[in-house]
Each structure stands twice: as structure tokens, then as C-alpha cells.
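All remarks here apply to the structure that follows.
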Ligand code: FPP
């Protein structure tokens, strides 16, 4: 099975990467990886191509990394594909970005089914163009019974907006007498978020050298390990993901506490 994992021409590299995958699988893998896919525009600029060519290449990386993450044994992969702020981009770029989920899902739905991948989306679906909404809804319905990797697209997603919506729903439930102020707990707030039935990300990756969260999963990332790379998203490959996982496995997650051996 591992032989299938890395499809690189160079056999030596392929064996070397497969060994790293096998070693990573012997330790605790991150259940949930979230990725801020950045650098498509710069990738295109370096090649004197229009920005949208970078987004299109980025879509191929989504395909490659989704397949690989599933094969490695990651349970959930959340990808920041379009933020509530991305509407500010030139109309032509926005239109292109809104066509990508459709192109991706139309081209690769059979492959996603074969790989037992479940497609989900978080974000405000109502504001998406009809064709995008239709493609995403169809993919979510068709893959709903799959129990392999959850591929969760953050599309028209903004964390502050998510929190505002959650606060409004809580206020309404209190107003209507369905709950009391003292019922508000961290778990309860979780249940009002778009990630209510997902685990929190264990590992956050941001590509392209930018080191900020850009309104992404602000509540959910409270105890997440962060990994930043200068690699531009279209150049991100299996080796980058394994490197991120290996770094995660070396981290000492304490959740605000201390390790037992450090108590004296
Ligand atoms: C940020 O790079 C990237 C985006 C806003 C879009 C990300 C979208 C994809 C990777 C493709 C999504 C694919 C599917 C299937 C939904 P940027 O344009 O800001 O890059 P720059 O900082 O170099 O200009």
C-alpha cells in the first residue's frame, strides 16, 4: 500500500519518503490538519503567468495533498479556499476562484468516492454563486456516507463572522427560554460553531512565508500546533506534508499544564 503513496519519478526519493511515512505512522498522527493555502499569486508571478494560473495549479495541489493525507491516515483536512475578505479581489479573480470548487469536484468526484473521502464545507454557502453551491451540495450529498478522510473546504468562511453568528444564535436561544446564561460553556459554544462535529485542528500549516491567521478558525486553533513554510502552495508536496507531521510529532503539547516528569 505504501508503494502507492509517493508517485515521484525518482525511485530513491520515493523509497526515502515512504520510509518517512511509515515512521510517522508509528507515532501519534495529527487527527485534524488545517491549511491556509497561500502563495498562488506569487507562484504565477514568478512564471509571468496571470494570478489565476496560480490558483489553478493550487487546485492540483489540493488533489495531491488530499489523496496523500488520506493515505497517511489523517482523519480531517480543512482547507481555507476562500475567505469572507476574498470578495475584495478583482471580479475576474473572484469569478475564477468560485469556478474552482466546481471544476475540482466535477473532475475528481469519482476519485474522491473511490478513496472513500467525505466532502464537507464550512462558511456561508448562501452567498456563493448558484453554480458553486450546486457543485458543493452535490459532492457533500454523494460523499456523505464515506468514512475515510473528511475534506472540509472553508469557503466564504471568516472566523469572526462564524463567532458573530454563534453569539446571535446563543442570544436567541436565551431569549426564547431554551437555555440560561449559566448554560454557556466552552463546549456549548463549540456546538454553535461550523465545526461542531469536527475535532479541533491538531496542526495548522500556512504556506508562502506569511505568519498570520487571516481570520481563520480563531476559536478552534487555541491549542493547535502551528507550522509555517516559505513554500508556495502550488509547490507544496507530499514531502512538505510529511515534514510538517514530523515536526508536529516532536512538539511537546502541554495544553497549559506541565509534563509529569517536570513536577519536581
Ligand atoms: C491565497 O493565495 C489563495 C487563495 C485566496 C485561494 C486558494 C485556493 C486554492 C488553492 C484552490 C482551491 C481549490 C479548490 C478545489 C477549492 P494568494 O492568491 O493570496 O497568493 P499571493 O499571496 O501569492 O498573491
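Each residue, glycine too, has its Cβ placed from N, Cα and C.
Annotation source TrEMBL lists Mg(2+) binding site at 38, 225. In the three-state DSSP scheme, residue 225 (Mg(2+) binding site) falls into the strand class.
The active site feature in TrEMBL is assigned to 38. DSSP classifies residue 38 (Mg(2+) binding site) as coil under the three-state reduction. Residue environment of residue 38 (Mg(2+) binding site) contains 23 other Cβ atoms, counted within 10 Å of its Cβ in all protein chains.
The DSSP secondary structure for residue 213 (substrate binding site) is coil. Feature annotation from TrEMBL assigns substrate binding site to 39-43, 51, 55, 83-85, 87, 89, 206, 212-214.
Less than 8 angstroms from the CB of residue 86 (active site, proton acceptor) sit 94, 97, each of them six or more residues away in the same chain. Secondary structure at residue 86 (active site, proton acceptor), taken from DSSP and collapsed to helix, strand or coil, is helix. For 86, the entry in TrEMBL reads active site, proton acceptor.
There are 22 other CB atoms within 10 A of the CB of residue 55 (substrate binding site), with all protein chains counted. Least packed by the Cβ count within 10 Å, out of the binding-site residues 39, 41, 84, 87, is 87. Around residue 206 (substrate binding site), the same-chain residues six or more apart in sequence whose CB sits under 8 Å from its CB are 35, 36, 38, 212, 226, 227, 228, 229, listed in sequence order. The binding-site residues near ligand 1, defined by a Cβ under 6 Å from one of its atoms, do not include any of 87, 206, 213, 225. Around residue 213 (substrate binding site), a 10 Å sphere centred on its CB holds 15 further CB atoms from the protein chains shown.
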